[in-house]
Amino acid sequence: MWSASNEKMTGKDDTLLSPSVDPTIEPILEEEHKHSANATTTILRNLSGILYTLTACFLFTCTTFIIKQLKIDLFDALVIRFILQTIAVAIFLYYKKYKLFSGTKKSLVLQFFRTLAGTFGFLGFFLSYRYLPLPDVTTLNYTRVIWTVLLGILVFGDKPSSIIILAIPLTITGVIFVAQPSFIFQSQLINSTMNSTSAVLINDQYIGFAIGIICAVASSVNVIMFKQQILSGLKASVIMFQFTLFVLFCLVLNQFYQYFIEHKTLSIFKWQYALASFMCIIQIFAAAIGQTAMKREHASVYTIATSGDIVFAIILQNLFTTKKSNFFALLGSALVISSVILIGGHKLFQDKCQKKKLKATANDIDEDSTLSV
């Protein structure tokens, strides 16, 4: 606190030297200290985006894993989180005096479909987790990077680069290794198909796989529509409110279905529910940390760093459960991570080249202006 206020009053750097420093060499030491401090600050600033991203990934993956180990349905655990989140966003919108629903009929229809895609992309992840281990679900979810690129090619006519063409088969191969369909991996599944229990497990695997892929595609559609609607002038906070409200509606509807149709005892009356709800509230802070990371880091680097979700999920699964990831599942996850790194790195390289061109163009314009004067 003192150094910050001192800097404002004096206009100097807040670097403090030891009283034992010789006054004759103080300016030199002070300059070197400043340079070192600035370099350290720059390094920490550059790394902070990645560290924030990994922290957000770790918190989200750990809390999701813990909720599953508590034997609490994730749809039940999310209710309290989204009640709080919806109220918080609603208060913000009221303070800003933003309209919740605005635009033409076509715009409102597109907003509804974006909300629908975003909701299924979010809830589909947790639904898929009912049938698959967390590393597999997370790996399938990260195929959204490829789906987003493919949708961009199909919808906007983007030209695919050689890197994208290479990343597509990597992703497909990775997904096959994660899913491990019986018609390819017969030697591994032949023994498990001898009894009905294992057959049910295999069916669950296919159901989880299908939901995971559809969830990834829905997330990609949501990302593309989100960008388009932001460019059209729709506020990001309004989009967030529409999303949280619809997710909350689906979660409450699920509670009614369980209680009145399936006649299940609601998990809200269990002590594990309180702990699971707390884990979901932590996810709000994880999301906030993720938003901070996005502001500090390049989008492509952020995308690459978020694939740390897969690594954290693999570690948790193999350390704390009896179900271990086999070689092909690990290889599949590695291939999907590789495709994310390829696409993210390629995008980062393109952006840097574009910035260099713009800088060179600006310098040429300045030189021409100087010569004309």
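In case you wondered, yes, glycine gets a Cβ from its N, Cα and C as well.
Copied over from TrEMBL:
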- 48-178: domain 'EamA' (DOMAIN)
- 1-20: region 'Disordered' (REGION)
- 50-68: transmembrane segment (TRANSMEM)
- 74-95: transmembrane segment (TRANSMEM)
- 107-127: transmembrane segment (TRANSMEM)
- 139-156: transmembrane segment (TRANSMEM)
- 163-185: transmembrane segment (TRANSMEM)
- 205-226: transmembrane segment (TRANSMEM)
- 238-259: transmembrane segment (TRANSMEM)
- 271-289: transmembrane segment (TRANSMEM)
- 301-320: transmembrane segment (TRANSMEM)
- 326-349: transmembrane segment (TRANSMEM)
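Annotation: stretch 301-320 has the most Cβ pairs under 8 Å to the transmembrane segment (50-68), among 139-156, 238-259, 301-320. Tertiary neighbourhood of the transmembrane segment (139-156): same-chain residues 121, 125, 128, 132, 164, 167-168, 171, 174-175, 178, 209, 212-213, 215-217, 219-221, 223-224, 303, 307, 309-310, 332-333, 336-337, 339-340, 343-344, selected by CB-CB distance under 8 Å and a gap of 6+ residues from either end.
Against the transmembrane segment (205-226), stretch 107-127 shows more Cβ pairs under 8 Å than any other of 74-95, 107-127, 271-289, 326-349. Listed by sequence, the residues of this chain that lie at least six past the ends of the transmembrane segment (326-349) yet keep a Cβ under 8 A from its Cβ atoms are 135-136, 139, 142-143, 145-146, 149, 161, 163-164, 166-168, 170-171, 173-180, 185, 188, 298-301, 303-304, 307, 310-311, 314. Across the domain 'EamA' (48-178), DSSP classifies residues as 107 helix, 0 strand, 24 coil.
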